[in-house]
Amino acid sequence: MIKLIKAPKSGLHGEITVPGDKSISHRALMFAAIATGDTLIDNFLMSDDVMRTMTVFRELGVDVSQVGSQIKVIGKGLDSFTKPEHALNMGNSGTSTRLLMGLLSKQPFDIPFFGDESLSNRPLRRVAGPLSLMNAKVDLTGDNFLPGTIRANNRLQGITYEMPVASAQVKSAILLAGIQAEGETIIIEKVTSRDHTERMLRQFGGVITTNNGVITVQQQPQLRGQHVLVPSDISSAAFFMVAGLITPNSELTLKKVGVNPTRVGVIKLLERMGAKIKQEPILSDGEALADIVIKSQSLHGINIMADDIPSAVDELPILALAATQAIGDTVISGAAELRVKETDRIATVISELTKLGADIEEKQDGMIIHGGTPLRTMQDSALLDSHGDHRIGMMNAVAALITEGNVILTGEDAMSVSYPGFLADLTAVMREKL
């Protein structure tokens, strides 16, 4: 447990370089492993989830090492994997699990895999379903959950698949199978989800086309190792964006943040709430980068609809906190996806913020947040629980900054899933130390 005090009257000040992007770090490892030759990865996120992907590839016989500040992967192609000696442990990493279901769906041996209690309660049928149409064979517990087994398979067939719900992970699993399949694989997106897989496939020499929501890929020639720079994770930066906005007298600069157009939903939503956010672009050969400057300012409530969700789904917990301090109501709809994250994030956001007096109504697919409510503990102190969810844990810490009364955080270890140094960085921008 950690006891936090409210932010000093002088506010939050300083520059922060948040860790590398989690989504891109996963994908950099995956493409490096199936490419031929050496790949060097800079600003790699050394978090629990991404290290799980690294361990999986080592167990599949891939040479992955740390060389100074870089990660070095010696890839030998898709056909070079060796049968793991044990079932693959995915830990709490949904990204590892879903993407590897596609990537490993054409191997000449069975691959059993499992996860922790939280991951074992997260549905996987929406990944296994389209993969089965491609002739992949994935056995799941109750046809939907871990533990499971990716069955030996020597043939995949391309498909045309219309995404029923926007999901970058489901899309990526299909694409990673599609680059091994006979014929074309076509994915139709009604709402564009994050496109890191498409961008990284191109960076490693692959061919993929995108046109008005239609993505086409086919069996690839050999991919080649690359030098990959992982930008700072906008999902992690979002916690400091909101901290800077809602903590009086604050000014923060977030360095080299990835501002991929499919990931900046959090910035667009905060701007709709009235925030003035300065982006200073940085020249880059890969993903778009920018320094982001945040100053404290007032916000107003907005409607966040289904079309807004794909580009900001991971940031909805911290946006909910921002909404408690905005003038008027914020209505979040079309976000049922939150129910099947590391926790039921609709329930856990409401559970923790209402401990501080926030006025929030639960909906099946979102919530209604009645803003303008100063946060305060009901007694001398409040105990906020991460419920084992890294994003809930970080939301709790930011909420503590502006809460009247003492807040005690429990389950703070969960933050290591995506941002092991979050509390240290938060402490560093406070004039008074925690």
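Yeah, the Cβs are placed from backbone N, Cα and C, and that goes for glycine too.
Summarised as a single figure, the pLDDT of the domain 'Enolpyruvate transferase' (9-425) averages 96. The domain 'Enolpyruvate transferase' annotation in TrEMBL covers 9-425.
The annotation 3-phosphoshikimate binding site is assigned in TrEMBL to Lys22, Ser23, Arg27, Ser167, Gln169, Asp314, Lys341. There are 20 other CB atoms within 10 A of the CB of Lys341 (3-phosphoshikimate binding site), with all protein chains counted.
According to TrEMBL, the feature phosphoenolpyruvate binding site maps to Lys22, Gly94, Arg122, Gln169, Arg345, Arg391. The secondary structure of Lys22 (3-phosphoshikimate binding site), as reduced to three states from DSSP, is helical. The Cβ of Lys22 (3-phosphoshikimate binding site) has 23 other Cβ atoms within 10 Å, all protein chains considered.
All chains included, 25 other C-beta atoms sit within 10 angstroms of the C-beta of Asp314 (3-phosphoshikimate binding site). Per TrEMBL, the feature active site, proton acceptor maps to Asp314.
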Site diameter for phosphoenolpyruvate, Å, by largest Cα distance between Lys22, Gly94, Arg122, Gln169, Arg345, Arg391: 19
Cβ-Cβ distance under 8 Å to Gly94 (phosphoenolpyruvate binding site), same chain, at least six residues away: Leu119, Arg122, Gln169, Lys341, Glu342
Cα separation, Arg345 (phosphoenolpyruvate binding site) to Asp314 (3-phosphoshikimate binding site) (Å, whole number): 10
Rounded Cα separation (Å) that holds between Arg345 (phosphoenolpyruvate binding site) and Ser23 (3-phosphoshikimate binding site): 19
